[in-house]
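K.L.:
One structure follows; several queries about it will come next.
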Amino acid sequence: MKVLWVALVITLLAGCQAEVEPEPEPEVQLGREWPRWQGSQPWEQALGRFWDYLRWVQTLSDQVQEELLSTQVIQELTVLMDETMKEVKAYREELEGQLGPIAQETQARVSKELQAAQARLASDMEDVRSRVAQYRSEVQALMGQTTDELRGRLASHLRKLRKRLLRDAEDLQKRLVVYRAGALEGSERSVSAIRERLGPLVEQGRVRAATVGTLASQTLRERAEAWHQKLRGRMEEMGTQARDHLEEMREQLEEVRAKVEEQGSQMRLQAEAFQARLKSWFEPLVEDMQRQWAGLVEKVQLAMATGPTSAPIENN
């Protein structure tokens, strides 16, 4: 994997770091159509907005002249610069985070080269803003005089800056693409290497786990059987104790029933004896009352029988 990264870096350095000799600048044509900057990454889209705005500024139309005098162009260029560099930094940090699997010295070199490319792009954008600000100052100094020469010089400078900006942006773009591809491939290689190293260990662990699982299942089965036997013995013991308790309770109930019957018999005998005693108490009294009553009835009858015969004798 280290060899792969060395090859990628050498290829990139050969294609991107070579200094391009400046070619003679042709006569600037205001309003000339520029190639559009294209890209799908957020930083590329932000740079595309800066690129389009710079193309509009280079037209040096009447509206551009008015906004240059009011510093609006400089302010908008500053906002677009900050937005672009913010997106570039975020994307670079994301890419550096994906370079974990590569060697440390390679990662440091890649990070240093990306930061240098980012700094060149920022310098180009700063030069554009500085040149526009300088043009604004010069126009204000020549207020009321012709500014055609200044406009031509600004257009020429913007053309040079635009070409340098395009070159450095493409250089950064190529570096990011190459390093991202290398990071992805390095990650895949690292994952494959880790999988190859861990494969035997995983298989060994699986076999060991299966062996341990078998022994554990045997041990658990033996323990379960012993626990079952122990539980069954305990249940039988509890059943025997329960039967003994039931038999003991049945005997106690029989004793209680016998005692109740015995007490019932005794109470019945006592009641009969008490009844006989009452009878012996009241029978003489009843007989005596019957005799007295019979005597009284007899006296009354005798009195009634003698009453009619004695009355006529007294009248004579």
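Glycine residues also receive a Cβ, built from the backbone N, Cα and C atoms like all the rest.
If you look up Swiss-Prot, you'll see 79-254 marked as region '8 X 22 AA approximate tandem repeats'. Look at Swiss-Prot and you will find 79-100 tagged as repeat '1'. Here Swiss-Prot flags 101-122 as repeat '2'. The region 'LDL and other lipoprotein receptors binding' feature in Swiss-Prot is assigned to 157-167. Per Swiss-Prot, region 'Lipid-binding and lipoprotein association' is recorded for 209-289. For 211-232, the entry in Swiss-Prot reads repeat '7'. According to Swiss-Prot, the region 'Homooligomerization' annotation covers 265-316, on the basis of similarity to another entry. Feature annotation from Swiss-Prot assigns region 'Specificity for association with VLDL' to 277-289; the stated evidence is similarity to another entry.
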K.L.:
Report the DSSP secondary-structure composition of the region 'LDL and other lipoprotein receptors binding' (157-167) as helix, strand and coil residue counts.
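P.N.:
Across the region 'LDL and other lipoprotein receptors binding' (157-167), the residues distribute as 11 helix, 0 strand, 0 coil.
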K.L.:
By Cβ distance under 8 Å, which residues at least 6 away from the ends of the repeat '1' (79-100) in the same chain are close to it?
P.N.:
41-43, 45-47, 49-50, 53, 106-107, 110-111, 114-115, 118, 121-122, 125-126, 129, 172, 176, 179-180, 183-184, 186-187
K.L.:
Write out how many residues of the region 'Specificity for association with VLDL' (277-289) are helix, how many strand and how many coil, based on DSSP.
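P.N.:
Across the region 'Specificity for association with VLDL' (277-289), DSSP assigns the residues as follows: 13 helix, 0 strand, 0 coil.
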